[in-house]
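*Asks:* According to TrEMBL, the record shows the following:
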- 35-57: transmembrane segment (TRANSMEM)
- 69-88: transmembrane segment (TRANSMEM)
- 108-125: transmembrane segment (TRANSMEM)
- 132-157: transmembrane segment (TRANSMEM)
- 169-188: transmembrane segment (TRANSMEM)
- 259-282: transmembrane segment (TRANSMEM)
- 302-324: transmembrane segment (TRANSMEM)
- 345-364: transmembrane segment (TRANSMEM)
- 370-391: transmembrane segment (TRANSMEM)
- 403-422: transmembrane segment (TRANSMEM)
Amino acid sequence: MASKEFSGLCSLVSSLSESILCTTGLKMYLVESKGGAITCMFLALFFLGTWPALLTMLERRGRLPQHTYLDYSITNFLSALLIAFTLGGIGKGTHDQPNFLVQLAQDNWPSVLFAMGGGLFLSLGNLSSQYAFAFVGLSVTEVITASITVVIGTTLNYFLDDKINKAEILFPGVGCFLIAVFLGSAVHSSNAADNKAKLSNFTGDYKDGDISSKEGDIVKSKDLESGSSSADNVEAGTAVFLVELEEKRAIKVFGKSTLIGLALTFFAGLCFSMFSPAFNIATNDQWNTLKKGVPHLTVYTAFFYFSISCFVIAMILNITFLYHPVLNLPKSSFKAYLADSDGRVWALLAGLLCGFGNGLQFMGGQAAGYAAADAVQALPLVSTFWGVILFGEYRKSSRRTYILLGSMLFMFIVAVAVLMASSGQRNSTAKE
């Protein structure tokens with residue numbers, strides 16, 4: 001009896017919902033104009049350039065990256081749910097663009113698997129870059145991963161999108177990114193030389209990246225005298241600042257090979273270069289994997305499945321890393337994670353920024369082409385800004401470093417402008 005009553009209630013709710021949507025004339029929101037697509041890309045650029053700075057800030061404050069990433073993953077997934085049930089779920093869809101809830105019951109598993117594959121790539125890329133930030137630095141990590149994404153991912157998206165972007169504009173934009181990569185590598189090399197010189201002048205005991213007990217005593221004595229954290233009193237960019245940062249941060253980097261950071265960075269870049277093409281195939285079915293008559297996944301449905309995969313992989317890996325940490329990090333536990341509330345708000349905010357940033361990127365890409373949407377890979381512009389403001393990167397560096405840094409940022413500005421200028425407009429009325 002109870003089962004029949006529940007079934008009847010579900011049917012009533014479904015009928016009422018459909019009736020309301022029909023009578024109010026609501027339609028599922030889709031970005032279809034070039035102007036709307038560019039707006040989405042600019043917002044995505046800011047969001048996706050900001051969340052890495054928040055994760056870096058927490059690592060520098062000593063919070064374990066496993067704890068931070070678990071918090072980040074929760075709100076990252078919740079943002080996808082919010083987008084799916086609001087923009088994708090409110091309003092009546094069409095046959096070619098079904099409502100999110102309607103599409104969940106359709107036989108579209110080939111496209112779903114592509115979307116989930118994209119989520120797998122993104123989760124692995126984000127997790128790798130979180131550790132790379134400590135070794136290579138926020139700005140340089142973002143430059144290298146963005147460049148790999150543009151060179152590989154944007155080229156793939158151009159052909160997957162049936163060349164709707166203007167090639168004569170798009171590929172010079174890719175070239176601008178490549179130039180910025182070389183400038184970024186030069187910035188990293190110059191800044192590393194500057195830091196080594198600072199530490200060498202700080203004490204004769206500094207050799208090959210090792211910090212002597214004498215240096216540690218100097219930093220600690222300053223803490224005792226001031227009665228507060230030395231991070232609040234030591235000027236950014238000085239040798240004492242670098243030593244104090246190493247003592248406080250969660251991931252210790254002094255004395256470790258830079259190849260570790262570069263390997264993590266290049267792996268992250270390869271992963272990032274694949275998730276956008278996978279999402280492109282999921283929403284446009286260029287390989288004709290869906291059965292005849294089955295509509296393509298909407299950007300909201302694809303983003304939902306994409307985020308499920310991203311969330312599951314992140315949870316599995318980071319819970320494993322709690323008990324079996326990498327890179328000589330201390331062991332933790334799920335109980336310790338739950339008790340670690342220090343910085344949790346910032347980690348949750350980072351997840352929201354990343355989730356909404358990815359959603360906006362995909363919404364813009366569906367309208368103007370995913371190759372043009374990859375212009376958000378100019379996010380090192382934003383990350384470098386936060387790196388300088390929040391973390392004192394390049395503070396007290398040489399004139400050569402400043403010239404290279406300015407040249408890199410200028411080239412990124414040119415690159416994002418050129419890629420956005422290449423955007424076309426997808427023919428939404430074309431027969432699929």
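FYI, residue positions are counted from 1 along the chain as it appears here.
Note: Cβ is positioned from N, Cα and C throughout, glycine not excepted.
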*Asks:* Below 8 Å between Cβ atoms, which of the listed ranges 35-57, 132-157, 169-188, 259-282, 345-364 makes the most pairs with the transmembrane segment (69-88)?
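*Replies:* Answer is 345-364, with the largest number of Cβ pairs below 8 Å.
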*Asks:* Considering only the recorded stretches 108-125, 169-188, 259-282, state which has the highest number of Cβ pairs under 8 Å to the transmembrane segment (132-157).
*Replies:* 259-282
*Asks:* Would you say the transmembrane segment (345-364) and the transmembrane segment (35-57) are touching, if the rule is that at least three C-beta pairs must lie under 8 angstroms and be 6 or more residues apart?
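*Replies:* Yes, these stretches are in contact.
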*Asks:* Can you see whether the transmembrane segment (169-188) and the transmembrane segment (403-422) are touching - at least 3 CB pairs under 8 angstroms, only pairs 6 or more apart in sequence?
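*Replies:* Yes; at least 3 Cβ pairs under 8 Å.
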*Asks:* Are there at least 3 C-beta pairs under 8 angstroms linking the transmembrane segment (403-422) and the transmembrane segment (302-324), leaving out pairs fewer than 6 apart in sequence?
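*Replies:* They are not in contact.
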*Asks:* Counting only residues 6 or more past its boundaries, what in the same chain has a CB within less than 8 Å of a CB in the transmembrane segment (108-125)?
*Replies:* 145, 267-272, 274-279, 281-283, 285, 289-290, 294-297, 301-303, 305-311, 313-314, 317, 358
*Asks:* Who are the long-range neighbours of the transmembrane segment (259-282) in its own chain, taking Cβ under 8 Å and residues 6 or more past its ends?
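*Replies:* Counting only partners 6 or more residues beyond its ends, the transmembrane segment (259-282) has Cβ contacts under 8 Å with 111-112, 114-115, 117-119, 121-122, 124-126, 128-129, 131-132, 134-136, 140-141, 144-149, 151-153, 156-157, 160-161, 253, 297, 302-303, 305-306, 327, 361-362, 365, 370, 373-374, 377.
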